[in-house]
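**Student:** Relevant sequence annotations retrieved from Swiss-Prot are reproduced here:
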type: REGION; residues: 1-72; note: region 'Domain I, interacts with DnaA modulators'
type: REGION; residues: 72-180; note: region 'Domain II'
type: REGION; residues: 145-178; note: region 'Disordered'
type: COMPBIAS; residues: 164-177; note: compositional bias 'Basic and acidic residues'
type: REGION; residues: 181-397; note: region 'Domain III, AAA+ region'
type: BINDING; residues: 225, 227, 228, 229; note: ATP binding site
type: REGION; residues: 398-518; note: region 'Domain IV, binds dsDNA'
């Protein structure tokens, strides 16, 4: 098989394997070539090549071994080669249909199937596709096809007509926002997908296409700033795009509480009930704030039953699992778990970089890869802080009339954050955090035990100390019970390799970074 035959098929396979954002950002722009009989994948610079080798080389090699096993492994280098079109579906060798449980990056789907609904209220099979059907299809076919269709030729229009059309669109958007409280910026097109939100995004799109069916309610939980509001509002915007006549409302739980109390105070309770029962989709953010308010919880219990019985979609967000909401009515905690409950996790490095690049593109600013990597490594905890950091750097770029964000500009704009992170973190803090995380004693981390359950956390702690402090290798060794600097170096290298090969350890490392820095 020649390179010209292989690469279009490889693109198709990678397109089917990877989330759309990853494929579009890293794989689709690649060019390839042949040098001295060796197949070469060209990246635009060394940073891109390093990212390709660490994140995608294994997948590319797996496809090569299957389709062109006689060829040697690919080489990755900066340069420019030939750009090939992706093979059509019928031209590619169809991969085996993956299980919903396959792959370490996907959450176990048995947690979200229909049998979670209580036995006393079984779900009747629908004649049309349910959200469960759509979600299953999406999980089999992730990543999704690009949502924006290619532009087609059209007749030119006058400036006046174009302005009138734009004004009408803006007025319609403003009117829709007033009626629904949805932000037009929160759509699936503006959402960046990664490991932390991939299943939730697929489920949200399925619900937008078939609301009120299997996954009702859709309960999304996670720490602040992870993108819960964006994702749930995207469902509302997508539903209105498909069904402009749908009645949709987004609100914070505080607004619901105030609305209910006003109805009680003004004796307009019946009007209040009818107002909420009219919606086809009701989205309530931070539902945990109704806890401890007995009358509000009682009223919401009846509203919940109405939505469930009428197969109208209810979407709720929270900071914890339903069962962990202290002070919440037990009946509500039980019902919150009837449908689909998913967690949003902090964005991984690749997703953070993609978010920064998308923000830069939207702002009309160019950001160098090294600068994006620097900011993404500096801000790890949540999307909101990451976007805030970018806004600061972007403002500096505009004020200094520098159209390209490089690493020096990023360092200057974020110097107070850099100083704060390095000021408070010590080796002792890291050792304490790692010991608590792995449930071992600090004396074990500092001691001589070499069993796997002790040695691995010790190496993780050494690696974190190297990354989060300014200590030299000998100083790190001193902090870990007087170990030699070569032992520290070996531990750091071992962890770096394991983070590429072991998804569980990589996730542990990311969680520890966030815990220690926050």
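Placed from the backbone N, Cα and C atoms, the Cβ positions cover glycine too.
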**Student:** Within its own chain, what residues at least 6 apart in sequence put their Cβ under 8 Å from the Cβ of residue 229 (ATP binding site), listed in sequence order?
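**Tutor:** Same-chain residues close to residue 229 (ATP binding site) (Cβ under 8 Å, separated by 6 or more) are 186, 285, 317.
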**Student:** Please report the number of other Cβ atoms within 10 Å of the Cβ of residue 227 (ATP binding site).
**Tutor:** 26
**Student:** What is the Cβ neighbour count of residue 228 (ATP binding site) at a 10 Å cut-off, with all protein chains included?
**Tutor:** 25
**Student:** Setting 225, 227, 228, 229 aside, what same-chain residues sit with their Cβ within 8 Å of the center of the Cβ atoms that define the ATP site, listed in sequence order?
**Tutor:** 222, 224, 226, 230, 231, 317, 344, 382, 383, 384
**Student:** Return the count of C-beta atoms lying within 10 angstroms of the C-beta of residue 225 (ATP binding site), excluding that atom itself.
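**Tutor:** Looking across every protein chain shown, the total is 17.
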**Student:** Mean pLDDT over the region 'Domain II' (72-180): what is the value?
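**Tutor:** A mean pLDDT of 53 is what the predicted model shows over the region 'Domain II' (72-180).
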**Student:** On the three-state reduction of DSSP, what should I expect for residue 229 (ATP binding site)?
**Tutor:** helix
**Student:** Please list, for the region 'Domain I, interacts with DnaA modulators' (1-72), how many residues fall into helix, strand and coil according to DSSP.
**Tutor:** 44 helix, 11 strand, 17 coil
**Student:** Just give the helix, strand and coil counts over the region 'Domain IV, binds dsDNA' (398-518), going by DSSP.
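**Tutor:** With helix first, then strand, then coil, the region 'Domain IV, binds dsDNA' (398-518) has 92 helix, 2 strand, 27 coil.
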